[in-house]
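K.L.:
So TrEMBL has the following annotated:
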- G81, K82, G83, G84, V85, G86, K87, S88: ATP binding site (BINDING)
Amino acid sequence: MTDPQDLSAALAPVSAGRATVRLEGGRANVVLDVTGLAPETRDALEAEVRSAAAALPGVAEVRILLTSERRTRRILAVASGKGGVGKSTVAANLAIALARRGLRVGLVDADIYGPSQPKLLGVEGVKPQARDKVLLPIETPFGLRMLSMGGLVAEGQAIAWRGPMAGGALGQMVDADWGDTELLVLDLPPGTGDVQLTMIQKHKPAGAVIVSTPQDLALIDATRAIDLFNKAGVPIVGLVENMAGYCCPHCGGVSDPFGSGGAEKAAGALGIPFLARIPLAMEIRAASDAGTPPAAGDTDSSGSFVTLADSVYEWLKR
Ligand SMILES: Nc1ncnc2c1ncn2[C@@H]1O[C@H](COP(=O)(O)OP(=O)(O)OP(=O)(O)O)[C@@H](O)[C@H]1O
């Protein structure tokens, strides 16, 4: 017949110190601390503990209670005043570069108008599962987990959600089972309307990275985005200039279709940090379309995302 010591001894090798046990007649009550474990690791641990306890003589029933410490997880918003400036591309590559620096990163694609993260991260068509009505983020091949508005609707279906519906879906994604993820990068929809303001107020990002192209018109919109975060009391991490200088793959000459240096000047005038300059490069567009983000490799264009991630990393440390 098993006694409490036998039960503890039998579970010790499989539970790695995470189990607290009590024996009541033929029932083994196990409290399992699963803090920081990814869902699949947690399920495997629970199954191992259950079968180790059930194998003991005299144990007729095993009850397992999972507990987890609530972790503080920070949200980093990536936003732009207007569409098409490369906000999603920057968000995906920044998230990957931060993951490569050792942070446990998750990416939430909150862009209700054009969710593009599943394509950028090569997981198009993969639907997130749910457990007890809590979403389980998708594992991507690039060392980070992801949830997208795109994964919550049928492929190709137009997303014409009103603010409250979008807010509800975003809430489900932010409150998903992120396991030990310590930083959530939030790819916001472009623009500075009510939807964005509600998202920001509700989920209170720790900081915001603003993406702009170098020309004046885009910068005026970026200034509006900065104003939106200021109103919501969210600190601005800084401004990223995307689609700067184009290096011709044929002659090697550099041209500036959208002007140059505009974002750095604007950042100076606004008193916010200038984080990085990402070149306009065929390689970035092609790799993004192919679902192999440049920041996951070691090419010329990955360097600019590393610079960006370094600045953001330093900011997060502060
Ligand atoms: N630095 C770059 N060099 C070349 N192409 C780029 C660069 N940045 C983004 N692109 C391309 O520009 C297009 C728009 O990028 P992206 O979808 O990231 O923009 P967005 O601002 O998130 O757009 P939306 O407003 O639709 O959310 C994509 O085809 C992307 O591959």
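Cβ atoms here come from the backbone N, Cα and C positions, even for glycine.
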K.L.:
Using a 6 Å cut-off on Cβ distance, which of the binding-site residues K82, V85, G86 come close to any atom of ligand 1?
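P.N.:
Checked binding-site residues vs ligand 1; flagged V85, G86.
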K.L.:
State which of the following binding-site residues has the fewest other Cβ atoms within 10 Å around its Cβ: G84, G86.
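P.N.:
Among the binding-site residues G84, G86, the sparsest Cβ neighbourhood within 10 Å belongs to G84.
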K.L.:
Within 10 Å of its Cβ, which one of these binding-site residues (G81, G83) has the largest number of other Cβ atoms?
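P.N.:
Per the Cβ count, the most surrounded site is G81.
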K.L.:
Of K82, K87, the binding-site residues given in the record, which has the fewest other CB atoms within 10 A of its CB?
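P.N.:
The binding-site residues K82, K87 were compared, and K82 has the fewest Cβ atoms within 10 Å.
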K.L.:
Can you check what DSSP calls G83 (ATP binding site), collapsed to helix, strand or coil?
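P.N.:
In the DSSP reduction, G83 (ATP binding site) maps to coil.
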K.L.:
Need the DSSP three-state call for S88 (ATP binding site) to compare against my parser.
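P.N.:
SS state of S88 (ATP binding site) = helix.
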K.L.:
Tell me which residues of the chain lie with their Cβ under 8 angstroms from that of S88 (ATP binding site), as long as they are six or more apart in sequence?
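P.N.:
D109, D111, G114, S116, Q117, L120, D187 - these are the non-local Cβ neighbours of S88 (ATP binding site), listed in sequence order.
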